[in-house]
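Novice: Summarising the annotation, Swiss-Prot assigns carbamoyl phosphate binding site to ARG65, THR66, ARG115, HIS145, GLN148, GLY274, PRO275 and lists sequence analysis as the type of evidence. Marked as L-aspartate binding site by Swiss-Prot: LYS93, ARG178, ARG233.
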Amino acid sequence: MLNPQLNRHGELIHLLSTEGLPRRIIEQILDLAATFVPAPGQEFPKLPLLHGKSVFNLFFENSTRTRTTFEIAAKRLSADVVNLNIAASSTSKGESLLDTIANLSAMQAGLFVVRHGASGAPYLIAQHVAPHVHVINAGDGRHAHPTQALLDMYTIRHHKGDFNQLTVAIVGDVLHSRVARSDIHALTTLGVPEVRVVAPATLLPEGLAQMGVRVCTDMEEGLRDADVVIMLRLQNERMRGALLPSAHEYFKHYGLTQARLALARPDAIVMHPGPMNRGVEIASEVADSGQAVILDQVTFGIAVRMAAMSLVAGVRP
């Protein structure tokens, strides 16, 4: 079966999911991102790699970190950046998604960065754009968030060196999390020997065992001797029905406190894709501790998105 993210030469042309993404492509992105990370105290480099290309940010769902870091990344690559105001666009007047894309393509769009509430929307767009136009998935429904997973992989590699002896615990609302799915695919592709998914039974999707992960409903069991702890927020906006008694009850059993973090390895790092809800999935004392690398994720996200845009466009320094 053909991989819609690659051309016939095996080169990246769209970034839609970490599922099925070859290890060599993931490592290419991480290695290229490393060349973009500025030295401490310096700014991100300004490079002409996307000079003359137009990058359209199409965010049909709200975003702060992802949209902003994509915009910064594109500008650092000298692209012309267009942020479409979805609420004021023709899509709010009934225009179809593909008609919107066709009209923007006629404006010489070179790259679409798409966040959409419908799983599969970026795939649909990628199937209908011209060969010289590229698509990056910035999050689609519950399905995938590949650049978040890639920046997570970069952060882990930066702090831990390699992946082949790590235990990684992903904790929280896995049922509704596109980040969890994308992280799992990336971690297993990169050879992490033990990936644990930790959540109450009501927030665990079916089929996790087939993804090669260990499922834990007990927080202490899931955290024990972990090298990396990735916390996920409760996605109340996607929940249907009473999946949890209360946020207070959730924190009581699944919130990451200093006492629970002590079950992990002493040098364990704590990550979070944001937005972070203190006192719900993570205690402030942990979020503000030296083990938390959450702001590193944001910084590295710019470099990783620079690398992703460069590779799909077929350019590099």
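Backbone N, Cα and C define each Cβ position, glycine as well.
Relative to the rest of the structure, where do these features sit?
Specialist: If you draw a 10 Å sphere around the CB of PRO275 (carbamoyl phosphate binding site), it holds 10 other CB atoms from the protein chains shown. In the three-state DSSP scheme, PRO275 (carbamoyl phosphate binding site) is classed as coil.
In the structure as shown, the Cβ atom of ARG178 (L-aspartate binding site) sits within 10 Å of 23 other Cβ atoms.
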Novice: Can you grab the distance from ARG178 (L-aspartate binding site) over to HIS145 (carbamoyl phosphate binding site)? Cα atoms, rounded to a whole Å.
Specialist: 6
Novice: Between the Cα atoms of THR66 (carbamoyl phosphate binding site) and ARG233 (L-aspartate binding site), what distance do you get, rounded to the nearest Å?
Specialist: 16
Novice: Relative to the Cβ position of GLN148 (carbamoyl phosphate binding site), how many further Cβ atoms are located within 10 Å?
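Specialist: For GLN148 (carbamoyl phosphate binding site), the count of other Cβ atoms within 10 Å is 25.
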Novice: To the nearest whole angstrom, what is the C-alpha distance linking GLY274 (carbamoyl phosphate binding site) and ARG233 (L-aspartate binding site)?
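Specialist: Computed Cα spacing between GLY274 (carbamoyl phosphate binding site) and ARG233 (L-aspartate binding site) is 7 Å.
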Novice: Hey, for the carbamoyl phosphate site built from ARG65, THR66, ARG115, HIS145, GLN148, GLY274, PRO275, who else sits with CB inside 8 A of the CB center?
Specialist: SER63, THR64, ALA138, GLY139, VAL179, PRO273
Novice: Write down the Cα-Cα distance for ARG233 (L-aspartate binding site) and GLN148 (carbamoyl phosphate binding site), rounded and given in Å.
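Specialist: For GLN148 (carbamoyl phosphate binding site) versus ARG233 (L-aspartate binding site), the Cα atoms are 14 Å apart.
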